[in-house]
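Colleague: Shown below is the structure under consideration.
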Amino acid sequence: MRSDPIIVQKYGGACLETPAKIRAVASSVADLHGRGHRVVAIVSAMGKTTDELVRMAYQVSPHPNRRELDMLLTTGERISMSLMSMALSDLGVPAISFTGSQAGVMTDESHSSARILDVRPIRVREELDRGRVVVLAGFQGVNPATKEITTLGRGGSDTTAVAMAAALKAECCEIIKEVDGVCSADPRIVADAKPLRQLDFASLSEMCFWGAKVLHFRSVELAHRQNVPLVLRKWGGARHSTQVMKEVADMENGRVLAVNSMARIEHVEIDSADLNQGFEKFARHLKQNGLPWPQLLASAFTAGKTRIMMTCDSETIDTLLRTLERSKDLRKQRETLSSVSLTCFGGISSDLPYKAIQILQRHGIIADKYVLSSHSVSFFVPVESREAAVKALHSLT
């Protein structure tokens, strides 16, 4: 058995968009392998392949079967893993590709939003010990009881990478994308967004929950629980890489780290006797229509109505809203909103919501409401005001 350190790298779809980019990534992996590391490369689907497959599915059926949708979507990562393995072999590097099920990624039976139950990387270890690079399809696994293929939902390749790194006791899990590591705002909105070179897991998880596109919050929580060293960096260079760790020394408590946003927040209203009955009706509606749970942001009960605030990918939200049109007890409530969130290190200062509301008002933006969590304060604003609100609140970082 080899004792060389194991490095798990995850490559996002933009890094693998074309055959030329795949060859460039393969060359980088080959270099790492040549320096004595055992390498597991987790790959996403090429470019916008997953979005194209989803669009195709909804053109065929307005309510695609979730099991068949998983069968369709997993083909994207299979294409990437096969091409990457071919490119490595062409460079003289022994390589083999595995699907999630072949690699031992065991999940629950939820199609489109499965959760990893266990990772049994027997074949992965065997191939690493033989000196091969293992190229693994992200985003997917298998339910051990039903033998059905499942997908992990948006950001599932990140979760695959962290789970595999934990199971292999890897030296490091690197998340590699075509954008800088983590910044104080989306650089596409705020041109002078500052790179964050070190973050603790709690802060990054909160940022990702409220809209940071760098990682899915589930993968950050998993890395925290399993104590997996995380590095987020830009493909082609580590100038703005971000290290994620349990604790960050010498950072001021209450300091605003970043402002993030979600473009689309929807509200569902449910006729109910109490909050519990409201959620029971909502859960039943999702199950009857074969829909995954959205990301829930807030809920309340008043005057015989349960109101749930939520977000999800556009295809799922659109489908959910269409199904509400046929429901007697559930309906879309009010207009679509956006969220803008400030995430702080260690906790929120008591006057931060007031300061933020004043800044928004000076820019002519009226927040509909705000929600507090342990590390963030999130404001809900008109969709057309989202980017202006991000730019205005970035002055607090």
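Any Cβ shown, glycine's included, is placed from N, Cα and C.
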Colleague: According to TrEMBL, K10, Y11, G12, G13, K213, V214 bind ATP; so which of R35, R38, R188, R197 is the extra one listed there?
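Modeller: According to TrEMBL, the candidate sharing the ATP site with K10, Y11, G12, G13, K213, V214 is R188.
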Colleague: Got a sec? Which of these binding-site residues, K10, R188, K213, has the most Cβ atoms within 10 Å?
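Modeller: Per the Cβ count, the most surrounded site is K10.
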Colleague: So what's the mean pLDDT when you look at the domain 'Aspartate/glutamate/uridylate kinase' (6-232)?
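Modeller: Reported value for the domain 'Aspartate/glutamate/uridylate kinase' (6-232) is a mean pLDDT of 95.
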Colleague: Check each residue in the chain of Y11 (ATP binding site) that is at least six apart in sequence and keep those whose C-beta is under 8 Å from its C-beta; list them in sequence order.
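Modeller: When sequence neighbours closer than 6 are ignored, Y11 (ATP binding site) has V25, A41, I42, V43, S44, I176, W235 within Cβ distance under 8 Å.
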Colleague: For a quick check of packing: other C-beta atoms within 10 Å of the C-beta of V214 (ATP binding site), how many?
Modeller: 24
Colleague: If you pair up every Cα among K10, Y11, G12, G13, R188, K213, V214, the residues annotated as binding ATP, what's the maximum separation in angstrom, rounded to an integer?
Modeller: 23
Colleague: How many other Cβ atoms sit within 10 Å of the Cβ of E77 (substrate binding site)?
Modeller: 30
Colleague: Between R188 (ATP binding site) and E77 (substrate binding site), what C-alpha distance do you get in Å?
Modeller: 27
